[in-house]
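Student: Structure provided below as structure tokens; questions to follow.
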Amino acid sequence: MTIEFSNFSFRYESLDKPTLKNINLRIEKGEKIVIIGPSGSGKSTLGQCLNGLIPHAIKGETSGTLTIYGQDTAPFDMHQYTEQVGTVLQDTDSQFVGLSIGEDIAFALENQLTSNIDMYPLVKATAKMVDLEQMLDRSPHDLSGGQKQRVSLAGILVDDVDILLFDEPLAALDPKTGKKTIEIIDDLHRETGKTIVIIEHRLEDVLHRSVDRIILMESGEIIADTTPDEILASPLLEDYGIREPLYISALKEAGCAIEGDAKPSSLTTLPLEQYKPTVQAWFDGSTAQPPKTPAETLLEVRGLTYSYDGEKNALEDVSFDIKRGEFVSVLGKNGSGKSTITKLIMGVIEADSGSMSMNGQDLNELTIFERSQKVGVVMQNPNHMISHHMIFDEVAFGLRNRGIKEKQIEAKVLEVLELCGLSKYRHWPIEALSYGQKKRVTIASILVLEPELLILDEPTAGQDYRNYTSMLSFIEKLNRELGVTVMIISHDMHLVLEYTTRSIVIADSKLVADAPMTQVFSSPELLDQANLTTTSLFDLATKVGIEDTNGFMQHFINVEKAHRQQKSGEVNQPEKAVA
């Protein structure tokens, strides 16, 4: 046995009620487990208890016991925790300590006073394990998201700990890089026999490689401790607002019964011949029509080129239009230039060449403040946007800057907080929120300004399925009923599939596609070029012999959209807060 929580509870110093309640969990040596649950369910808190951040960096009250290799951790100092558990954080930038990759990997060895003669081969061997041996002199801050993950992983592997804890390792990664990360974790697990604990929202992506168990948490309690096959065959994921794999959703929509003994945790192990007639009949009965594209142009981009360093172009001769009332996505791998487009539209940086106009007006003629009256941008990292201590004040900030009367501000802020599932937290300090809740605060602070063009940069990062569905269904309603134009910058294929109608694809700084979303998602070669992957919906259609993959995906989207609109009057239960 490696890890055991026995009747373990924890209450943050700043909260009245415990965040973890009577946890009983046993993890055997060499197991690979995944912990899932809604935002604020206690997943990350459990991880912080395991790696010693609680109680050493984060104060609170504990009861019960946590043992690692049979030793009670209560008397452990931080050094004793780090000898046993290595952690790769969701925000890898906050984990770097060295000026170069080599220095960062060597940090733990330097703390142990390892000689340079012994240190160099250890650093090089560890870097090779994660395919970084040719990059030891580069700065970790200059790397892509996937490369940063590998640097963080190398930094803990060099210390040869027995337990590896990954806190949402896929949150900021494009699909192909995410797959590679899961493969690296799985290879390490098989080759070293280390105990692996993964905390993650993206269950389908984690199940790219097999895991032993899935732990489902809600409200600080363990709801289920079972196998991947059993949880996918049960209603638990839907009941607790966890996003199930796309192929499972499609099979259920088609009327297929999913049983645990059918091994549903992988599309390759499912008895698809058994489901084939049912799926084909479901599709044959469809009348899927692609959505109509509005005619009026809101944003026109022509020949946009920009370089950060004057040498390599971050964007090169990019042209596209955004129609008024559209819901579009900009796709591409980490570092492809997607976020550069946002910065140029905002006016934070100026294009080297090319033009942008909105409602026929050249954006270069507008100040950043004037642009902000027309364009609202929700950044990927909520901590980069938040400037106030209290939630209400943060959401009201933009309206107060516009000189609106306080009575009107209060009414508008309360309306948006209610729509975003944050009304009950309006008098809370922002630091008492989870990462996902902070994300919703930033979205609320932009929505309250009623922009003509709303840009969401990776809106699902740190969000669970229930809450991002609630949020994006609300934005979808604004788009449908009020004509708000929405542009999502993302590499979350599931999100793009569910909500957007057209995809602008950027690869290596160039525009490689501007087409209906289902057409893009039916082009494996194009997706591969952009470091994206086909969805399991496309793979399912192919495996059951449906040639019109475009139509199959559109039918599924239409059915899902109809379900969302039926539920649009329902209020989703807001996530629980954590400090």
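Glycine is no exception: its Cβ is also placed from the backbone N, Cα and C atoms.
According to Swiss-Prot, the protein has these features:
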type	residues	note
DOMAIN	3-244	domain 'ABC transporter 1'
BINDING	Gly37, Pro38, Ser39, Gly40, Ser41, Gly42, Lys43, Ser44	ATP 1 binding site
DOMAIN	299-533	domain 'ABC transporter 2'
BINDING	Gly332, Lys333, Asn334, Gly335, Ser336, Gly337, Lys338, Ser339	ATP 2 binding site
Student: Looking at the binding-site residues Ser41, Ser44, Asn334, which one has the fewest other Cβ atoms within 10 Å of its own Cβ?
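Tutor: With the binding-site residues Ser41, Ser44, Asn334, fewest surrounding Cβ atoms within 10 Å: Asn334.
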Student: Out of Gly332, Asn334, Gly335, Gly337, Lys338, the binding-site residues in the record, which is closest to Ser44 (ATP 1 binding site) when you go by Cα distance?
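Tutor: The smallest Cα gap between Ser44 (ATP 1 binding site) and any of the binding-site residues is with Asn334.
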Student: With the ATP 2 site defined by Gly332, Lys333, Asn334, Gly335, Ser336, Gly337, Lys338, Ser339, which remaining residues of that chain have Cβ atoms positioned within 8 Å of the Cβ centroid?
Tutor: Asp174, Thr340, His491, Ile506
Student: In whole Å, how far does the CA atom of Ser336 (ATP 2 binding site) lie from that of Gly37 (ATP 1 binding site)?
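Tutor: Rounded to a whole number, the Cα-Cα distance is 31 Å.
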Student: Let me know the DSSP-derived helix, strand or coil state of Ser44 (ATP 1 binding site), please.
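Tutor: Note: Ser44 (ATP 1 binding site) is helical by DSSP.
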Student: Around Ser339 (ATP 2 binding site), which residues of its chain at least 6 apart sit with Cβ under 8 Å of its Cβ?
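Tutor: Long-range Cβ contacts: Gln380, Asp457, Ile489.
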Student: What is the interatomic distance between the Cα atoms of Lys333 (ATP 2 binding site) and Gly37 (ATP 1 binding site), given in whole Å?
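Tutor: Here the two Cα atoms lie 27 Å apart.
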Student: Would you mind ranking the binding-site residues Ser39, Ser336 by how many other Cβ atoms sit within 10 Å of each Cβ and giving me the lowest?
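Tutor: Across Ser39, Ser336, these binding-site residues, the one with fewest Cβ atoms within 10 Å is Ser336.
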Student: Between the binding-site residues Pro38, Gly335, where is the Cβ count within 10 Å the lowest?
Tutor: Gly335
Student: What mean pLDDT score does the domain 'ABC transporter 2' (299-533) have in the model?
Tutor: 89
Student: Going along the chain, which residues six or more apart from Lys338 (ATP 2 binding site) have their CB under 8 A from its CB?
Tutor: Val330, Leu331, Gly332, Ile489, Ile506
Student: For Ser41 (ATP 1 binding site), which of the binding-site residues Asn334, Gly335, Gly337 has the nearest Cα in space?
Tutor: Asn334
Student: Compare the C-alpha of Lys43 (ATP 1 binding site) with the C-alpha of each of the binding-site residues Asn334, Gly335, Gly337, and give the closest one.
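Tutor: Minimum Cα distance from Lys43 (ATP 1 binding site) across Asn334, Gly335, Gly337 lands on Asn334.
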Student: Counting every protein chain present, what is the number of Cβ atoms, excluding its own, within 10 Å of the Cβ of Gly40 (ATP 1 binding site)?
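Tutor: Neighbour count, Cβ to Cβ under the 10 Å cut-off: 25.
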